[in-house]
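Written below as structure tokens is the structure these notes are about.
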Amino acid sequence: MSNIVAIVGRPNVGKSTLYNRLTESRKAIVDDFSGVTRDRHYGQAEWTGKTFTVIDTGGYVHGSDDVFEAAIREQVLIAIEEASIILFMVDVTVGVTDLDDDIAKLLRRSKKPVFVIANKVDHHQLHNEASVFYSLGLGEIYNLSSMTGSGTGELLDEVVKHFDDVQEEENTLPRYAIVGRPNVGKSSLINALIGKDRNIVTPIAGTTRDSIQIHYNQFGHEFMLIDTAGLRKKTKVRENIEFYSVMRSIKALEDADVVILMIDAAEGIESQDINIFHLAEKNKKGIVLLVNKWDLIEKDHKTTKKFEDQIREKTAPFTDYPIVFTSVTEKQRIFKAIEAASKVYESKFKKISTSKLNDVMLPIIENNPPPALKGKYVKIKYITQIAGKSPMFAFFCNLPQYIKDPYKRFIENKLRENFDFEGVPIQIFFRQK
Ligand code: GDP
Ligand code: GDP
């Protein structure tokens, strides 16, 4: 269901250069919004209309060479388990190294599609050099120059052929994913909800298991919980705990309708949380944010508001989503969290009738028309909601290309004020009529 492409390989072969190339435009947007300076290692990419998540492995680990190599091997195993497609990058200017051979060995055992990429093939003379990589025993070699971009198209044409196109599920129950950094309380929340201890531990190697899904049907709510917490991996390398949790979160997120993002009240919202938040937003998932371990915080009458403001400021411009302050251990507001998720789910799939949309929005637009550009006036004639898995609205007008972002945001805010899309990313299109 999810299309996750992981780039693996030893350091310096050019993984992050390719990653940046594939995620270019989106990365700039995210960084502007969040003000996060830390490197991001995963993001959205698109090729011929197909979107997918790209993960740049390697970036998570720092340390001595020994630690590094162990960590890289482990990341390859995690990628084999969690990603749908693996890009194994090697460096044509260096040839086959021992670590390349090690990685190839792990990949040969995997059943996932693996693409061997000979990178730094910057000019034609180097094409023949890449044939040394056939010795890795992984089949066809794709020549690439991450730096110039040459070869990217040929590679992606093949990669997208492996994507799952069918997203429809037989099961029509709402699907909520509980995601968040290690130790925020995900397992505790699930245990509190389903009322028993699952205590599932699986080693990294060998097992291939999709995210665990739990059927919840109590107190008037029925849904599937997609659990990322249950599989608590015994990673040998501490830094990989984060890598692993990110992989799981991405995967769960792609499978979900609503993402329940948990953060730890004592730690506040951190860059990884914000990255997951934006990934959910870009994937058009509903979002509920839980500030858990609220019991640990000393409070006065302003504390909640202050927390909320700080969080929303960091996720801006998307700020219209529920924040619930929970204490799983004290059983506080757990049910409220579930109700928030259900409400977001309903909003995500609701349909506003065309007549209602026009009755409400046209007068607003009349009072606040789009600013004239080059002496031309934009006339918005009518509005309709487009069918889909998340709310999309088409505004039909004479000069769609003249509508700028600030006006788009104004329109989005008015839609939100009038129709309640709390927790739901919405898309607005201006179309020629
Ligand atoms: P990573 O450690 O695998 O993520 O590698 P980087 O993306 O950081 O790249 C390592 C070095 O190789 C950097 O100096 C890049 O500029 C360089 N590099 C990456 N791709 C290419 C390429 O296609 N051609 C050449 N000549 N250099 C490249
Ligand atoms: P996970 O890694 O996200 O699944 O986190 P866990 O559910 O394993 O919780 C990590 C630790 O935080 C455990 O010791 C929990 O008992 C504790 N914890 C979870 N929720 C709360 C809470 O609301 N308040 C406090 N004080 N501790 C909590």
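The backbone N, Cα and C atoms fix where each Cβ goes, glycine too.
All annotation found in TrEMBL is predicted automatically rather than curated by experts.
Annotated domain 'EngA-type G' per TrEMBL: 3-167 (among others), in sequence order.
Under the heading GTP 1 binding site, TrEMBL lists 9-16, 56-60, 119-122. DSSP assigns Lys15 (GTP 1 binding site) to a helix in the three-state reduction.
Taken together, the residues in the domain 'EngA-type G' (174-349) have a mean pLDDT of 84 on the 0 to 100 scale. Annotation comment: TrEMBL describes 174-349 (among others) as domain 'EngA-type G'.
Secondary structure at Gly180 (GTP 2 binding site), as computed by DSSP, is strand. Per TrEMBL, the feature GTP 2 binding site maps to 180-187, 227-231, 292-295.
Among the binding-site residues Asn12, Lys15, Gly180, Lys186, Thr228, Trp294, the residues whose Cβ lies under 6 Å from any atom of ligand 1 are, in sequence order, Asn12, Lys15.
Gly180 (GTP 2 binding site) sits 26 Å from Lys15 (GTP 1 binding site), taking the CA atoms of both as reference points. Spacing of Trp294 (GTP 2 binding site) relative to Lys15 (GTP 1 binding site) is 40 Å (Cα to Cα, whole number). For Val121 (GTP 1 binding site), the same-chain residues 6+ apart in sequence whose C-beta sits under 8 angstroms from its C-beta are Val92, His127, Glu129, Ala130, Asn143, Leu144, Ser145, Ser150, Gly151. Candidate binding-site residues: Gly9, Asn12, Lys15, Thr57. Not one of them has a Cβ under 6 Å from ligand 2. According to its DSSP assignment, Lys186 (GTP 2 binding site) is helical. With respect to Gly9 (GTP 1 binding site), the closest of these binding-site residues in Cα terms is Thr228, chosen from Asn183, Lys186, Thr228.
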